[in-house]
Amino acid sequence: MTRYSRITGTGSYLPPHRVTNDDLVAQLAQQGIETSDEWIVERTGIRARHFADRDVTSSDLALEASRRALEAAGCQAQDLDLIIVATSTPDMVFPSTACILQNKLGANGCPAFDVQAVCSGFVYALTVADAMIRSGGARRALVVGSEVFSRILDFNDRTTCVLFGDGAGAVVLEASEAPGILASDLHADGSHVGILCVPGNVYGGQILGDPLLKMDGQAVFKLAVGVLEKAARATLDKAGMTDADIDWLIPHQANIRIMQSTARKLKLSMDKVVVTVDQHGNTSAASIPLALDHGVRNGQVQPGQTVLLEGVGGGFTWGAVLLKM
């Protein structure tokens, strides 16, 4: 019998501290940096984001999102036999945030590890979990994207500090006789490392290089709009489907312009795109599961519908997953 995997529950969590554009404008003005709500909205579509308190970690956010996903799936943490966390802002250098989350959930014993593909991280992690379930290596997996990007932002750079927020999203992925994950397509091109990175490191207890986020926005935009269409079409081809079969597009919530461009290339109305970037900002690996959970809980995404997830991020990494809810 062919074995498949299917999402049986979704969950998400945003830290309570909500920062509007006006809040950020006022903060930056105190540092002599000029920007405006209009400037941010016009270029990004972002109106607000959430920042975690100083003592809150990625695993803390992941814990809340995971509990909600487990509840939605009707299972307990002890039922898990795999945990994968996608994050670029781990609690520690090691052990993995997944191991820390596993302990907080009380799911000790199952394999747990992190995936680091920045904003493509959740798509990568979901693909790995699907492969492990299909091969018989797992039966019920928890796949999480969780980030505290506010820790690595340069608040002297108005072009980047307004873009990102903190949050977590999670799904429970279970073995199924009916196809859930239909196809996926992953890519990376390390020749573009410098256009989106945090170029710092730790050596002998000292920080080497720059520990804050750097981005060439124009280069990222140009590359993203091209590779996202290619990944989408490759994934659809693998599943024997076309643009017309997509009920919902859930892209990485980076920038409304990138999302609009991707939808246009796939001949999709924006009415078929789940958009949360306006309220959450770019939450990196958390953005896709956050948006998916939002779509499920507000009644947009219905059982049986076909959903295309797309991620693109530093590395440069990108990919897509086509699934049936």
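Cβ coordinates come from backbone N, Cα and C, glycine included.
Checking the ranges 58-62, 213-217, 233-237, 253-257 against Swiss-Prot, the region 'ACP-binding' annotation falls on 253-257. When pLDDT values are averaged over the region 'ACP-binding' (253-257), the model yields 97. Reported as a whole number, the C-alpha separation between ASN282 (active site) and HIS252 (active site) equals 8 Å.
Sequence-distant contacts of the region 'ACP-binding' (253-257) (same chain, six or more residues past either end, CB-CB distance under 8 Å): 43-46, 119, 163, 221, 224, 275-278, 280-283, 287-288, 290-291, 312. Within 10 Å of the C-beta atom of ASN282 (active site) sit 23 other C-beta atoms, taking all shown protein chains into account. You'll find the Cα of HIS252 (active site) roughly 7 Å from the Cα of CYS119 (active site). Sorting the region 'ACP-binding' (253-257) by DSSP state (H, G, I as helix; E, B as strand; all else coil) yields 2 helix, 0 strand, 3 coil.
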